[in-house]
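**Q** As annotated in TrEMBL:
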ACT_SITE  Tyr88  active site, proton donor
ACT_SITE  Lys160  active site, proton acceptor
BINDING   Arg142, Asn401, Asn445  (S)-malate binding site
BINDING   Glu231, Asp232, Asp255  divalent metal cation binding site
DOMAIN    65-246  domain 'Malic enzyme N-terminal'
DOMAIN    256-514  domain 'Malic enzyme NAD-binding'
Amino acid sequence: MTIILTPYWSNGVQKLKMAPQPPPKPKQGLAPPVLDNDVHSVRCLAQLRSKESSLEKYIYLSALKHENPDMFYKLCLNNMAEFTPIIYTPVVGEACQKWSHIYRRPEGMYISIKDKGKIRSVLNNWPKLDDARIAVVTDGSRILGLGDLGVNGMGISVGKLSLYIAGAGIRPHSTVPICLDFGTNTQKYLDDPLYMGLRQRRIGDDEMIEFMDEFMHEMSVAFPKLLIQFEDFSTDHAFMWLERFRNKYPLFNDDIQGTGAVVLSGFINAAKLSSEASGKPLTSHRILFFGAGSAGVGVAMQLMSFFTLQGLSEKEARERIWLVDSQGLIFDARGPMAEHKKYFSRRDYAGPPIKDILDIIEYVKPTALLGLSTISNAFHAGVIQAMATLNPRPIIFPLSNPVKLSECSFQDAVQHTDGQVLFASGSPFPEMEWKGKMLYPGQGNNMYIFPGLGLGAILARATSITDTMVEASSLGLAESLTPDERSADLLYPRIERIRDIGALIAKEVIRAAQKAGVDRSTDLRSMSDEELLAFVSAKMWSPMF
């Protein structure tokens, strides 16, 4: 056995560590005489494709990841377009709904309200405390657009971390999936004999705040080098925990900040194409949001950067964004509203409520329509045609997940705009041919953003995740398209380049952390951009096959 030692720097001192070793081969007699890894990868892929349902494919890949992680991630990296919809949205949604029924083996950490007062002792049971670098934490209260799934929400933490590993080369043993069990308000799970969570209704805010204060403190003690991503908390708690903890610990909320960043990136590229077609300046865009939950408001906050980057003031940027909720257009004179909606509430309208989306489009005259409502077919033919009437190249982003909750399909958007739509969705749609030209739907999938954002924050050893770091991830993604991708009017790069994209975004995030003064890896400041990109790429874990 040859042992390779590689040098690394720690606190200004050069040290040596053993380079990663390939997994040992089975001893003679414990495997078939001819077991070749390249042939076995073909075998595993054939087994996957033999499964008839998407859920069966998910279960198979979960088993493969557990038994042979190097093979799983090798296949994933070589088949990103095929694997991503299985290990993440949309199939992960079905897997979460049925988590208690398809459960096979322990994976991740479950911490319940019953552990309050002794959370540290629970965390200490994690087998790789010193290796932990990234945790995805959910309480299962708002998984995708599927509602309160309780501990079944663990699937979303597991899925996200698989993409951190595939997309940014985070080491598998450095990831910690966590599901917090505060109970569930979904009666069918409380009545399900196979449900694995607490059989009680969700606790109140006072008790939850006490728990979260203890949880976050103990996480910082048990995992001192850990970055935390909050995922799929209910809207009110998503904003609450982000504001309560973001200045104390290195963390971000992917629903609020990650979604906003990936949509901003796609919108930058779409707005340029739309303005080229209309001849109007980028500052003239008007954005209408259909849906005003945590994701909707988070995206709206991030899209203000689009206008401020063009030189507009914060007030001018806010005036170019309109929000719609279940009661229609949001405006001050309408009456009381949730706190998170007030910032974008219109002050320039005091007429009667406007509830119908077609009436709202006629009033606002938007250049862009973004859906984060989880209302299927909300953008019906009349809505799409209205946008096409107003704009030579309308921007339509139905961003709700999974596919069945998308506000419209790519096919409908293409047909009702005569192929002129600038389209991005939250879940994948197939490409289609229109009048002899292949058109490709953009997918505003957070997986473009969070792997690189997380990797950059970890390598910079950031003390907090600033808004400028999130914005840097978005701008890095927007600039990552190749000339070939731009010539095809793509809004996002092809997913097969996810590693290159992740490295580029990580570099930009590190630079933003340095400018904000939140980086502790100060030795990276002296590197050129080329050196820093090479450093990031070298830090990415790759399967050994």
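Using the three backbone atoms N, Cα and C, a Cβ is placed for every residue, glycine included.
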**Q** Enter the number of other CB atoms within 10 angstroms of the CB of Asp232 (divalent metal cation binding site).
**A** 26
**Q** In terms of Cα spacing, which of the recorded positions Arg142, Lys160, Glu231, Asp232, Asp255, Asn401 are within 10 angstroms of Tyr88 (active site, proton donor)?
**A** Lys160
**Q** Rounded to the nearest angstrom, how far is the Cα of Asp255 (divalent metal cation binding site) from the Cα of Arg142 ((S)-malate binding site)?
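**A** Taking the Cα atoms only, Arg142 ((S)-malate binding site) lies 10 Å from Asp255 (divalent metal cation binding site).
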**Q** In sequence order, which same-chain residues at least six apart have a C-beta under 8 angstroms from Asn401 ((S)-malate binding site)?
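**A** When sequence neighbours closer than 6 are ignored, Asn401 ((S)-malate binding site) has Thr89, Pro90, Gly93, Leu144, Gly145, Thr374, Gly426, Ser427 within Cβ distance under 8 Å.
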**Q** List the other residues in this chain whose Cβ sits within 8 Å of the Cβ centroid of the divalent metal cation site residues Glu231, Asp232, Asp255, in sequence order.
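**A** Along the chain, the qualifying residues are Thr138, Arg142, Ile143, Ile156, Phe230, Phe233, Ala238, Asn253, Asp254.
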**Q** (S)-malate site residues Arg142, Asn401, Asn445: biggest Cα-Cα distance, Å?
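**A** Site span for (S)-malate, by Cα atoms: 18 Å.
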**Q** Taking the Cα atoms as reference points, how far is Asn445 ((S)-malate binding site) from Asp255 (divalent metal cation binding site) in Å?
**A** 11
**Q** Work out how many Å separate Asp232 (divalent metal cation binding site) and Lys160 (active site, proton acceptor) at their Cα atoms, rounded off.
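**A** Spelling it out, the Cα of Asp232 (divalent metal cation binding site) and the Cα of Lys160 (active site, proton acceptor) are 11 Å apart.
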**Q** For the domain 'Malic enzyme N-terminal' (65-246), what is the mean per-residue pLDDT, to the nearest integer?
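**A** Computed over the domain 'Malic enzyme N-terminal' (65-246), the mean pLDDT is 96 on the 0 to 100 scale.
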**Q** For Asp255 (divalent metal cation binding site) and Lys160 (active site, proton acceptor), determine the Cα separation and express it in whole Å.
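**A** Rounded to a whole number, the Cα-Cα distance is 12 Å.
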